[in-house]
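Read the structure below first, then the notes.
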Amino acid sequence: MKMQFVKEEREENTSEPDTSTIKHEEPEMLRIKHEDPGTWRIKHEEPETCKIKHEEKESLRIKHEEQGEFIEEKEENEESSPQEKQNACDQCDKMFLWASLLKKHLKVHAKKKPHSCHLCGNSFLHVQSLKEHLQIIHTGVREYVCSECEKTFSSASSLKQHERIHTGEKPYKCSHCDKRFSKLSTQKIHERIHTGEKPYKCLHCDKRFSKLSTQKRHERIHTGEKPYKCSHCDKRFSQSSTLKTHERIHTGEKPYKCSHCDKRFSRLPHLKTHERIHTGEKPYKCSHCDKRFSVLSSLETHERIHTGEKPYKCSHCDKRFGDSSSLKKHERIHTGEKPYKCLICDRKFSVLSSLKTHERIHTGEKPYKCSHCDKRFSQLSSLNTHERIHTREKPYKCSHCDRRFSKSSSLETHERIHTGEKPYKCSHCDKRFRRLANFKTHERFHTG
């Protein structure tokens, strides 16, 4: 009997039963149409029909196992023909009508993807999948238009998925909780939170992941791969999100706007940190004292006051620092670098915070308000120092004696008594001084 197989476009996620309908068309011709996943229709033009269900014994079962493949199986009690036995998979019990289908099927076991896209490098099991990929992704043809916002899409399924943004439709419900989703793939990923399933394993270590994208991102730690290149400079990144953030340096884009003022930010974490100035939120508490901080890094830096840890060492001298920013600031004393320039008066600064503080001279801005009184300050450090008048806190302890100080600069000046350090040298004579104020007073004797 001559058989012709016709594959039609599938509706996604049908729940209709798995049946096949046969209609008589002409004596020597059967036409099989795929209408729903797992359902095949065999048509003849004449009106006589019969239905074949998978439960019936002595029946032929036709299943759609992989996209574009037709697999014929028989019941266990029915013998296979010699031709079918020749086309049997030696790794599972499946048998095929044609050797070409067996060859396709074996690729599933081997996990080979021999058909590679010459434009992006993606690989596919079947040549048809590659053709569809090239047509949808690389031709740029977008014939499906959203009636709400006129966005265009390369496939009907992509348009349908997009339209749910407008309709609010969320047809996929989690089987463990009440959450609903607009995409089936998102529902499946979410359900792994409940099941703990982590199907994706790193090829280099034993770590497992619930999402393929997370696995791929993790594996770049091992491979060092940085596939995302900046279109403005030669920098490369392992994550597309990091590339997007970086490119805003070049474009000047600041998509995140403060809901309390007109300030805008290129990164969401920077916006959240800034908004705490307005809300007064300080979620991070010191484990050694009652101080709280709006930024985690500020807490970590603060706690080193208690522990005495100074992990950052200057590459020019033996000085050590509790945080990396203090080290960078210090090293500019040696290099003379002043990368930050005021746009109003052309003054240059070695530290960004110094530039920001300086610019407030021009703008008159005082964003930092004391929580104990009505005083406002242009610098956060000035606010912190001021608030210690109210709290009587003295967090800075001398490493040589028991004296404590409310300001780090006061501690630094005091410790020079113990070390004998006199960093300020008169440019007119050989005298040296421990304190900047004494040095300036002395120089006035020379200058008048």
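Including glycine, each Cβ sits where the backbone N, Cα and C put it.
Over in TrEMBL, the protein carries these features:
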- 1-13: compositional bias 'Basic and acidic residues' (COMPBIAS)
- 21-67: compositional bias 'Basic and acidic residues' (COMPBIAS)
- 68-81: compositional bias 'Acidic residues' (COMPBIAS)
- 87-114: domain 'C2H2-type' (DOMAIN)
- 144-171: domain 'C2H2-type' (DOMAIN)
- 172-199: domain 'C2H2-type' (DOMAIN)
- 200-227: domain 'C2H2-type' (DOMAIN)
- 228-255: domain 'C2H2-type' (DOMAIN)
- 256-283: domain 'C2H2-type' (DOMAIN)
- 284-311: domain 'C2H2-type' (DOMAIN)
- 312-339: domain 'C2H2-type' (DOMAIN)
- 340-367: domain 'C2H2-type' (DOMAIN)
- 368-395: domain 'C2H2-type' (DOMAIN)
- 396-423: domain 'C2H2-type' (DOMAIN)
- 424-448: domain 'C2H2-type' (DOMAIN)
- 1-85: region 'Disordered' (REGION)
Suppose you look only at the domain 'C2H2-type' (424-448); what would the mean pLDDT be? 89
Would you confirm whether the domain 'C2H2-type' (284-311) and the domain 'C2H2-type' (368-395) meet the contact rule of 3 or more C-beta pairs below 8 angstroms, pairs 6 or more apart in sequence? yes
Report, as numbers and ranges, which residues of the same chain sit near the domain 'C2H2-type' (312-339): CB under 8 Å and 6 or more residues beyond its ends. 297, 300-301, 304-305, 348-351
Count the residues of the domain 'C2H2-type' (284-311) that DSSP assigns to helix (H, G, I), to strand (E, B) and to coil, and report the three numbers in that order. 12 helix, 4 strand, 12 coil
